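K.L.:
Take a look at this one; I'll ask things after.
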């Protein structure tokens, strides 16, 4: 007997079911990370620029920049922007590194020249003091004269005593004996290349009116001394400064009205002292400030290498 299967079973089709799992991908990132990265890059650039500026300028220039940022005035005519100092019109040439032996030799030469200049200056000031003392002795003014060698130069004090006054009381009219002394001193001061400062001092006796006071009197007396020196042949460019101190620097503070407080001081400056004054008042700034800074930098490098 022929087997006949179930037609329904024979005619049925096999259905294959495929299950597909869909993965949800994260959405696209926004542009916030670009902003953060740009801020980070800008901050790093500012940091590197600051480090470069600090490394490019010298110590004195850094102090000038700091003073300018704080609104302070600086003696060498400051007001220059730091960019003017570190951004030259032409790119700087690459620095050549000198051999240690050459650097040390140059440092020794500088130290030797500085020592010779100091020795020469001290010798000249000593000879000047001897000449001034001789002139004062011949004029019988030993009691009116004092001299002192200080780091800035030779300090010459010509003062009143109980017997003689250099000027008429309360006036800038110079007395004959003091004029004679200044005339004798003029060629002595002119014999050296050193500049001089003339300063007037008074005692503490006050004026009755405020129109003319001890400031005016001390300044006028210093100017009178300068005028006599120049009339005696001393060049006018020999005087670097004329100043008035009134009664601010009394020699005899216990006796403010003492005659010894009334005096004229003549300071014969060393070369370094006059250079410092040029620096303070802004003249010859490039010729004075930069060499001093370079000299100090070289001395610092030399001291670090010898440690």
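Any Cβ shown, glycine's included, is placed from N, Cα and C.
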K.L.:
Between 65-86, 87-108, 109-130, 131-152, I'd like to know which one Swiss-Prot lists as region 'Disordered'.
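P.N.:
Here Swiss-Prot associates region 'Disordered' with the stretch 87-108.
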K.L.:
According to Swiss-Prot, transmembrane segment applies to one of these ranges: 32-54, 170-192. Which one is it?
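P.N.:
Based on what Swiss-Prot states, transmembrane segment spans 32-54.
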K.L.:
If you average per-residue pLDDT over the domain 'OmpA-like' (154-272), what number do you get?
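P.N.:
Averaged over the domain 'OmpA-like' (154-272), per-residue pLDDT gives 90.
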